[in-house]
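Visitor: Below you'll find the structure I mean.
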Amino acid sequence: MNCTQVVKFILMGFTDNPELQLTLFAVFLAVYLATLLVNLGIMVLIRSNPQLHSPMYYFLGNLALVDLLYSTVVTPKVLADLVTERPLSYAGCVTQILMFSVFIITDCFLLATMAYDRYVAICHPLRYSVLMSPRLCVQLVSGSYLLGLVNGVGQTIGMLNLTFCGSVVVNQFFCDISLLISLSSSDGTITSRILTAAALLFGVSSSLVVLVSYIAIISTILSIHPGEGQHKAFSTCASHLAVVSIFYGNALFIYLKPRSSRSREEDKWVAVFYTMVTPMLNPVIYSLRNQEVKEALRRLRARK
């Protein structure tokens, strides 16, 4: 029986804690405004400074854009629900799943691309400008967006394969397709297989690129004579490694920890971290650890 025409999704989120709603609204709003400010700031800074027109900052600018977009897919709806709870339509839920699935996998592959960029810079410094040509950089970024789109279409097809009737209460603050499978009135086997295939195809492949790149990077750095060269090599990777650790640390917690040993509330707070906090932290980490970004900021302030 097809009931999708009348279905409404009630996202419980944090509305079961009315005494905390005002506090959570203020905190989430501050985090979102900071996310807008720092990510837009990074994009403007990179675009306006010729000194930052290099592959690493080209990738960083795209990472800032994607972080901003996937935070925007989720956070405004959370803020609206904390003020007044409004059910999400079926079309709205499908759209949120599509957009979030696109941007989260694009983020994965941009991080993998940045790991490869650091590998080339440290392991093949004399050939860097040849290997990381402008054309290849555009292809790598375009490929990241394309793979994100493929993931989004796949998860949307999985969502469209599910049937819902009436109002569906979702104990989460966004449309989480892995949770919706258990709330569906139809067989979710095909959708589960799509999610598993996507996790293996996209998640594992991107993380392997990061892992292999950093094994090679660390091996090369350890072979450098101790001193300034080794310190500089570590410094160029520190920011990216911190961002990767935060991103994949959350993913490992979500997918490797048995569901039986964690609560839905615990899942919510982990989801808050990777949907709201991480997009704010990424550009901050790069700005604090990166001397070129600091220098560009100083030049910008001096001009003003």
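The backbone N, Cα and C atoms fix where each Cβ goes, glycine too.
Any TrEMBL annotation is an automated prediction that lacks curation.
Quick caveat, the model's predicted, so the values are computed rather than measured.
Feature table excerpt (TrEMBL):
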TRANSMEM  20-45  transmembrane segment
DOMAIN    38-286  domain 'G-protein coupled receptors family 1 profile'
TRANSMEM  57-74  transmembrane segment
TRANSMEM  94-116  transmembrane segment
TRANSMEM  136-154  transmembrane segment
TRANSMEM  160-183  transmembrane segment
TRANSMEM  195-221  transmembrane segment
TRANSMEM  233-256  transmembrane segment
TRANSMEM  268-288  transmembrane segment
Visitor: Could you tell me the mean pLDDT over the domain 'G-protein coupled receptors family 1 profile' (38-286), as a whole number?
Guide: 86
Visitor: Please report, as numbers and ranges, the same-chain residues at least 6 past the borders of the transmembrane segment (268-288) whose CB is under 8 Å from any CB of it.
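Guide: Here the qualifying positions are 13-14, 28, 31-32, 34-35, 38-39, 41-42, 60, 63-64, 67-68, 70-71, 74-75, 78, 171-174, 176, 239-240, 242-243, 246-247, 250-251, 253-254, 294, 297.
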Visitor: Among 20-45, 57-74, 136-154, point out the range having the most Cβ pairs under 8 angstroms from the transmembrane segment (94-116).
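Guide: It is 136-154, which has the most Cβ pairs under 8 Å.
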